[in-house]
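Trainee: I'd like to ask some things about the structure below.
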Amino acid sequence: MKYLMLVCYDPADRPAPDDAAPDVEEWVREMDAKGIRITGNRTRPASDATTVRVRDRQVLLTDGPYAETREQMAGFDILECADLDEAVEVASRHPMAWAGMIEIRPFWPDDES
Amino acid sequence: MTSPEELLAGLYADGWSRIVAVMVRLTRDMDLAEECAQEAFAKALVSWPASGVPDQPLAWLTTAARNHGLDRLRRARTEAAKLREVALSDSSPPDFPADGDIPDERLELMFTCCHPSLNLDAQVALTLRSLAGMSTAEIARAFLVPEKTMGQRLFRAKQKVAHAGIPFRVPPAHLLPERLPAVLHVLYLLFTQGYGDPAHARLSLEAIRLARVLCALMPDEPEALGLLALMLLHEARRAARFDDAGDLVTLEEQDRARWDAARTAEGAALVERALRRGRAGAFQIQAAIAAVHASANDPARTDWAQIVGLYDHLARLAPSPVVDLNRAAALGMAHGPEAALPLLDALDEPLRDYYLLHATRADLLRRAGRPDAAAGSYEAALALAPTEAERRFLRGRLCASTPRR
């Protein structure tokens, strides 16, 4: 199953650093080697985002993210996992699960559009 | 002779969940699995009275459910449905399957229903629907929510199981310590929901039945045994907990002759068996406390010192202000109310809104011969008590403790 892993954090609520927290480079290396991580990257902050809408055939742009939330997206990864348990394990070993939070969302399968 | 209808009703209790479990594994779709089980029982209700009960009734029902599933998937056109159809037809049973060949996958189903990625309400609802075979309307009544709300809750939960890739399996050993408590918690919640209200006694009985299944399938898990023991020991007191007027009767004042001796004996034996494994947990200790109560024919002969010791143990395993409160109450019985009253002061902050803190203090003050102070605490408890039965009980105590002027 394919999952989108949204790597997020809350600037107002950052837990104390933990020595045991994993290293992101190692995480990427391991998950790439296992064929679990298909792709992924860091994203620039919400202040660099542009939101696009088309209304009445007009392209409307908004400076900033589509939803104003306290939590910010820092990056994303696309995973191929056997099931949710594996996806949870992979996410829980990402350093940002320790320093922030990670949302795991299953992809809609190709044949059920 | 049992009629086919009676036989089917008897089969339903265990058969429903076994068929749903098999069908969830084959189709990965809880909604479809339930529909198939429903269809199989409906078909049997028509067919058995006419052409006789089959030799292997469970296998008959499972085959009927599987055929319905195949039928449904053939009519659906998606790739995923085609794949599941292949899985279903590959699993075709031999020509004359025996009941003994039908795999028991209820444990897998329990862990799926109680997956921690589902919220607790969803876990409870799914467990009642797919393992206890209760209808949406029945579950809604038991949890005092509109049927429509419960229907949506179940629908969302089943969708998430299907879409999020929640596995249908017993978690591997390294995940069990974090997963088993969720299953036990859901069963205990079902039990307590049915215990507080005589109208929902069925929930308690279902929780006990499912805990038996769990213990049979995981005989080496002492906390599962502890939970079953705890529920049996409490259920044993059910008939004595309310008087003829429907009023609550305290443990001290219950007619112990009305306790169910068979359940008590089974519960006590189970808790001993569990504790012998040397991995005590919160359910085992709570069951041990209930067993100490049960071993006293006369409340005055209760071994309160042992109960205090067990609460000490429980407070170490699962610290909580409620455990401290119960420990203080037991200590009040073992060493007198004056010894216990100071312990309650530390609980004023965390348990300010918990009526049992005030009721416990009131009871200790009453026994310490301080009726005025007791009356104040009874009033505080009365204002916070959640059910009418409890309010009636407290009003009775309040009247009895108010000094006659």
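Any Cβ shown, glycine's included, is placed from N, Cα and C.
Per TrEMBL, domain 'RNA polymerase sigma-70 region 2' is recorded for B:18-77. TrEMBL lists B:110-160 with the feature domain 'RNA polymerase sigma factor 70 region 4 type 2'. TrEMBL lists B:179-274 with the feature domain 'DUF6596'.
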Trainee: Pull the DSSP breakdown for the domain 'DUF6596' (B:179-274) and write it out as helix, strand, coil residue counts.
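Mentor: Once the DSSP states are binned, the domain 'DUF6596' (B:179-274) shows 75 helix, 2 strand, 19 coil.
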Trainee: For the domain 'RNA polymerase sigma factor 70 region 4 type 2' (B:110-160), how many residues does DSSP put in helix, in strand and in coil?
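Mentor: Reading the DSSP string over the domain 'RNA polymerase sigma factor 70 region 4 type 2' (B:110-160) gives 37 helix, 0 strand, 14 coil.
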Trainee: Taking DSSP states H, G and I as helix and E and B as strand, how many residues of the domain 'RNA polymerase sigma-70 region 2' (B:18-77) are helix, strand and coil?
Mentor: 51 helix, 0 strand, 9 coil
